[in-house]
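Trainee: Input: one structure, supplied below.
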């Protein structure tokens, strides 16, 4: 029997990752896997309360990072680790790579500080697979403008998203064993075929 896996979806706002999350969850369920779908910040009652604060309240950049990791610690303890222990597959819309990208890249917070928090909060847990949906900034912005009211991160300027995207790509280069980069400008059907192949290799 295939060991339960932890899969994360990453990308700048407007990259389209959330569109494909349910597709991957359905693929796994079709192969008789129990699947837990969650998100960050969020996933628990405390995490969802912190999400509202993080997405809408102004704060010091270090406060923002600390709250992200506080929500993550609760998420791991209350949802992710218990699910994996049960043998359930976990799919999370964002995880620690997002904090490195947004707070480290976009906000320019010292990467070493984030690494210390990462080692404290989850020294042994890393995703088995990280799907990074990559897209040019102008495409991402057009998608955001066409969808909904924007939160404080989505309202950031182009240089913030350029730095965030660059940090995502740096993380992918640093951890190539778990990252798969998806060109999110492709047709949905093309992306889903790629996802089907990737998941087939992970969940035979």
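Numbers here mean position along the shown chain, with the first residue as 1.
Note: Cβ is positioned from N, Cα and C throughout, glycine not excepted.
Below are the features listed in Swiss-Prot for this protein:
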type    : residues                       : note
BINDING : 11, 12, 13, 14, 15, 16, 17, 18 : ATP binding site
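Neighbours and distances for these, please.
Mentor: DSSP assigns residue 14 (ATP binding site) to coil in the three-state reduction, placing it in neither a helix nor a strand.
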Trainee: Rank the binding-site residues 12, 15 by the number of other Cβ atoms within 10 Å of each Cβ, and give the residue at the low end.
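Mentor: Counting other Cβ atoms within 10 Å of each of the binding-site residues 12, 15 gives the minimum at 15.
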Trainee: Within a 10 Å radius of its Cβ, which of these binding-site residues (11, 14, 16) has the fewest neighbouring Cβ atoms?
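Mentor: Selected from the binding-site residues 11, 14, 16 on minimum Cβ neighbours within 10 Å: 16.
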Trainee: Taking 10 A as the limit, how many CB atoms besides its own sit near the CB of residue 17 (ATP binding site)?
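Mentor: Result for residue 17 (ATP binding site): 22 neighbouring Cβ atoms inside 10 Å.
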